[in-house]
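One structure below.
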Amino acid sequence: MDHDLITKLTGQVIAQMRQRTIPLGISNRHVHLSAKDYQSLFPGQTLKIKKPLGQPGQFAAEQTVSLIGPRGQLKNVRILGPLRGQTQVEISYTDARQIGLTAPLRLSGDLTGSVSVTLKSEAGEINLTEGVIIARRHIHMSPLDAAIFGVTQGETVKVGIEGTDRKLIFDDVCIRVAEDMRLEMHIDTDEANAAGIDGGQAVARLLLTKR
C-alpha cells in the first residue's frame, strides 16, 4: 500500500478516535487514609470493599467517618481504598463552607499547606494537621489514550459536557496520565450540579488543548 495513503488513513482514524466521548465520574466528598490513621480510627478492622470504582484497583469502602470543622460536621463520609501513604480529604466548595473551612483547589497528592480537619469514627478521633483539598477537575488517561487525544501529563484542556439539559464547558481540566489509568473525567458534586448531571447519560468531550 502507498505510504502516503497509509499516512492519510492513519490520520483519519486518529481524528475519528479523538471525537469519542469520555466517561464521567462524579466524586462526592471522601477520604483516603494512611495505614497509621486508619488503625487509629478503625483499630483491628480490615478495610472492607463496598463497591469498585472506575479506576483499576480503587474502591469505596464500607467504613465512613465524620469530618468536624470550626462550624459543623459532615457525617458518613466514605473511605476510599486502597490505603495511601498520606491521608487526604476531598470535599467540595459547598462542603467546605458548611463546616467552616477554606480548603485550597489542588490536584490529588498536592497537600502541602492545605487545611486541617478532625476525623472521627465510632472507635477513635484524629486531628489532621493538613490534607483537606478541593480536587481540581481532571481526566485520567493511559499513555495510549493520551497519544490518541494528542495531550500530555499535566496539560490543561477544555471539555464540553453533553447529555444534559444544561450543556456546559469546563476550562482548565488537567490531564493525568499513568499506565494503570482508565479513561475517565472526574468532577465534584458542585460541578455536576452546575451541569445538571442526573444519572449516567452525561459524557465529556475534549474540545481544545492549551499548550
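For all residues, glycine too, the Cβ spot is worked out from N, Cα and C.
These numbers come from a predicted model, not from an experiment.
The CoA binding site annotation in Swiss-Prot covers Ile26, Ser27, Asn28, Arg78, Asn193. Packing around Ser27 (CoA binding site) is summarised by its Cβ count: 19 other Cβ atoms lie within 10 angstroms of its Cβ, all protein chains included.
Per Swiss-Prot, the feature Zn(2+) 1 binding site maps to His30, His32, Glu90. Listed in sequence order, the residues of the same chain lying 6 or more apart from His30 (Zn(2+) 1 binding site) and placing their CB within less than 8 Å of its CB are Ala60, Val77, Arg78, Ile79, Leu80, Val89, Glu90.
The phosphate binding site feature in Swiss-Prot is assigned to Arg84; the stated evidence is similarity to another entry. Taking Cβ-Cβ distances under 8 Å and a sequence gap of 6 or more within the same chain, the neighbours of Arg84 (phosphate binding site) are His32, Leu33, Ser34.
A strand conformation is recorded for His138 (Zn(2+) 2 binding site) in the three-state DSSP classification. Feature annotation from Swiss-Prot assigns Zn(2+) 2 binding site to His138, His140, His186.
Apart from His138, His140, His186, the Zn(2+) 2 site neighbourhood in this chain, defined by C-beta within 8 angstroms of the site C-beta centre, holds Gly25, Arg137, Ile139, Cys174, Arg176, Glu184, Met185. Farthest C-alpha pair in the CoA-binding residues Ile26, Ser27, Asn28, Arg78, Asn193: 20 Å apart. Ile26 (CoA binding site) sits 6 Å from His186 (Zn(2+) 2 binding site), taking the C-alpha atoms as the reference points. If you take the Cα of His186 (Zn(2+) 2 binding site) and the Cα of Asn193 (CoA binding site), they are about 13 angstrom apart, rounded to a whole number.
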